[in-house]
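Taken from TrEMBL, the feature domain 'GH16' applies to 4-231. Look at TrEMBL and you will find GLU117 tagged as active site, nucleophile. The annotation active site, proton donor is assigned in TrEMBL to GLU121. Marked as N-linked glycosylation site by TrEMBL: ASN125.
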Amino acid sequence: MFIHTSMAIFYPSRNHGVFYLLFLLLLILVSSMCVLGRPATFQQDFRVTWSDSHIKQIDQGRTIQLVLDQGSGCGFASKVKYMFGRVSMKIKLVPGDSAGTVTAFYMNSDTDSVRDELDFEFLGNRTGQPYTVQTNIYAHGKGNREQRVNLWFDPSADFHTYSILWNHHHIVFYVDEIPIRVYKNNEAKGIPYPKLQAMGVFSTLWEADNWATRGGLEKIDWSKAPFYAYYKDFDIEGCAIPGPVSCASNPTNWWEGAAYQALNAIEARRYRWVRINHVIYDYCQDKSRFPVTPPECFSGI
Ligand SMILES: *[C@@H]1O[C@H](CO)[C@@H](O)[C@H](O)[C@H]1NC(C)=O
């Protein structure tokens, strides 16, 4: 939009040669800055998608409070979509008796037919019982790739960082820099990989006591409502769509760099630690659901 207005004002002519040059420089600058060049903020980069009255900005807009009560849950989403990159947020989950509540942070193509989606879902629990993080990946419309990890800390006591890295090589879910899930691009082996559609960044707090806690056995205790979750330090680095088309395929974007194409040795060790000690469910091991193990399960890291 900016480029168009500039074009109208600084139309090239002999008298405006200098402006024309400046305009060209500006054009080059803008198109090289396809990446969001500043920290994301709630006000500038997000919008409320569900129940305005249940989302409050506190701490001068730096922290967002999500509320779930018997009337409603709530949600917010990024104003634009992104193609590859890394999104991260600090989240402090519902404390105490959070059974039946689900706090979600995910990327979604927001398309009905052929959905791509990368999910973090935080499943609440009874006081003192561990929170479960469920991750799932939809590629070209197919999901059913749930994994569950019990967190090794109390995620309601403090803010922790949750990130999703998405590039041409793999998708990695991180909890405080510790990889808890890796999905490799194995298109060469015919395994679908999300890379054809941009995805928005979403978050919701809602009631899901029909399935969330111990498979739906533990119901939400409304006498403990309202339930609160907190978000801050929004960070989105990616190619905004709409934006310069060339951005998404630009191999010099930092998230496509050599250091981000596979886990490094430290990350790989941490990932093994999570796999051995904290994974409580993996669809890859679920023979009753998948008598034939899905092909991506053999791809390693
Ligand atoms: C809740 O706690 C129970 C008992 O420790 C545990 O089996 C379960 O995995 C926890 N998480 C959920 C979401 O039910």
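Quick reminder: no glycine exception, Cβ is built from N, Cα and C everywhere.
In three-state terms derived from DSSP, ASN125 (N-linked glycosylation site) belongs to neither a helical nor a strand segment and is classed as coil. Close to ASN125 (N-linked glycosylation site) in the fold, though at least 6 residues off in sequence, lie SER98, ALA99, TYR131, THR132, THR213, GLU218, each with a CB less than 8 Å from its CB. Of all Cβ atoms in the protein chains displayed, 19 besides its own lie within 10 Å of the Cβ of the residue listed as 'active site, proton donor'.
Per-residue confidence over the domain 'GH16' (4-231) averages out at a pLDDT of 89.
Long-range Cβ contacts of GLU117 (active site, nucleophile) within its own chain (separation 6+, distance under 8 Å): TYR106, MET107, ASN108, SER109, ASN136, ILE137, TYR138, GLY143, PRO194, MET199.
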